[in-house]
Amino acid sequence: EFVEKNRWWSIRVMYLTMFLSSVGFSIVMTSIWPYLQKIDASADATFLGWVIASFSLGQMIASPLFGLWSNHRPRREPLVVSITILVAASLFYAYIHMPASHNKYYMLLARTLVGFGSGNVAVVRSYVAGATSLSERNGAMANISAFQAIGFIMGPAFQACFTIIGENGVTIDAINLQLNMYTAPALMGAVLGIVNIALIFAIFREHRVDDLERCILSVNSESAESPTPLTMDMYAWTRSQAVFYNGIILASVGIESVIVFIAVKVISKKTGDRILLIGGLAIIWFAFFILLPWGNQLPKIQWTDLQNSTVHNSTNWVFSNMALSNNSVEPTGCPATQTWCLYTPVIHLAQYITSDILIGMGYPVCNVMSYTLYSKIIGPKPQGVYMGWLTAAGSAARTLGPVFVSQIYTHLGTRWTFGIICAIVFFAFLHLISVYRRLVPFCVRHGRL
């Protein structure tokens, strides 16, 4: 009975680890673009794509390494090392405003290190997969994803609260720290990481459950994309407004995702894992299809980059007076340097929110079912490396995706961006249909319990 209780307490620590790692990642996501603009005027939306991708690049590199490490050594080791890197990277992020130049590259490095520290996702999932029976697996994997979603909820919500501090905030001269709406979330992420390390040392122990649902010692046991540029361009939001409103939107979608995670545990018992996976992918496709621009209304144009310009579009001549060179007035709207802004219809706020709601429904389903099916297909063997490769595959997509999307968005606009994403999701849907019969658990495929 003691072993069983300790097994579930260790699993719950992994839930909390996923939650805290998720908070550490998401707590700065809505403010990255405004912060980047503030610390380095040379940064543009294209570079933002690299900054966002750098997190996933770091995670892609780290996930297989930490997964391999966890297969041969106590999992506490890669967990503590990865979280320590995460804490250090968060502190580094809070100081990237200090150098006199090239600040955007320091942000790039900081986000890469945060991603590297987040490579423990593979370790967490492999531990939970090995420490649960097949009958417990769906619920445990759903709980992991639910805690991850709760982290994504709390992160933007905390960031929205930190807007009260303002862009200037206060300066702590003793440690040369500017405490403002951009650095406070990173510092909070560092504190949460330290708490996470303490809990791993205090509570976490190694456990593994075999095919017959018996709890046994583990073989490696111890001796014991950012929506911000889009909303700022489409709705003429200021930096503070974008951070605050997107924080509220993402937190709301996160709450929806938690509800979906809970529902998935019940629905999957009736429909099966594969049907849910296909349904979730279909919902995601529809969500991006809704984001395609329609109608004739154009977004508000930001003219500050042009001097004495007159612009002609398909319907009328647009004359604009240049904004006064007053730094106290923050320019808003879709930059005129992005020429597609002059002829591409605006994506209405209703479209954006509807798409967010659908993604909040489809993504959790795909997330839980893909990891659950994957762990069941692998079967009763150490899954650290396998989970590492699956996490790395997702990280590779999140590395290439922001760079690709930022390039397409900057040069071609929203119609091409979301049109291409719809095509990619559609081909993924077709591929899933083509391999549907092969997605069966190891025990079913080999006739084992």
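Each residue, glycine too, has its Cβ placed from N, Cα and C.
According to TrEMBL, the feature domain 'Major facilitator superfamily (MFS) profile' maps to 10-440.
TrEMBL lists 13-35 (among others) with the feature transmembrane segment.
Annotation comment: TrEMBL describes 47-67 (among others) as transmembrane segment.
Taken from TrEMBL, the feature transmembrane segment applies to 79-96 (among others). Long-range contacts of the transmembrane segment (79-96) within the same chain: residues 17, 21, 24, 28, 39, 62, 66, 103, 106-107, 109-111, 113-114, 116-120, 123-124, 176-177, 183, 186-187, 189-190, 193-194, 196-197, 200-201, 204, each at least 6 residues beyond the stretch ends and with a Cβ under 8 Å from a Cβ of the stretch.
Here TrEMBL flags 108-128 (among others) as transmembrane segment. Here the transmembrane segment (108-128) has Cβ contacts under 8 Å with residues 10-11, 14, 17-18, 21, 24-25, 32, 50-52, 54-67, 69-71, 75, 78-79, 82-90, 92-93, 96, 140-141, 144, 371, 375, 382-384, 386-388, 390-392, 395 of the same chain, all six or more residues outside its ends.
For 140-165 (among others), the entry in TrEMBL reads transmembrane segment.
Under the heading transmembrane segment, TrEMBL lists 186-204 (among others). Residues 9-10, 13-14, 16-17, 20-21, 23-25, 27-28, 75-76, 79-80, 83-84, 86-87, 90-91, 93-94, 158, 179 of the same chain, all 6+ positions outside the transmembrane segment (186-204), place their C-beta atoms under 8 angstroms from a C-beta of that stretch.
What TrEMBL records for 242-263 (among others) is transmembrane segment.
Residues or ranges marked as transmembrane segment in TrEMBL: 275-294 (among others).
Here TrEMBL flags 386-410 (among others) as transmembrane segment.
Positions annotated as transmembrane segment by TrEMBL: 416-436 (among others). Counting residues 6+ beyond its ends, the transmembrane segment (416-436) has Cβ neighbours under 8 Å at 274, 277-278, 281-282, 284-285, 288-289, 291-292, 405, 408-409 in the same chain.
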Per-region confidence, the domain 'Major facilitator superfamily (MFS) profile' (10-440) (mean pLDDT, whole number): 82
Residues of the parent chain within Cβ reach of the transmembrane segment (242-263), under 8 Å, 6 or more residues beyond its termini: 26, 29-31, 33-34, 142-143, 145-146, 149-150, 152-157, 159-160, 163, 181, 227-228, 231-232, 353, 356-357, 359-361, 363-365, 368
Contacting positions for the transmembrane segment (13-35) when only residues 6+ beyond its ends and CB under 8 Å are counted: 45, 48, 51-52, 55, 79, 83, 86, 90, 93, 107, 111, 114, 118, 120-121, 124, 127-128, 143-144, 147-152, 154-156, 158-160, 181-182, 185-186, 188-190, 192-193, 195-196, 199-200, 203-204, 226-229, 232, 239-240, 242-243, 246-247, 250
Folded-back contacts onto the transmembrane segment (275-294), same chain, C-beta under 8 angstroms, at least six residues removed: 264, 267-268, 344-347, 351-352, 354-356, 358-359, 361-366, 369-370, 373, 414-415, 418-419, 421-422, 425-426, 428-429, 432-433, 436, 439
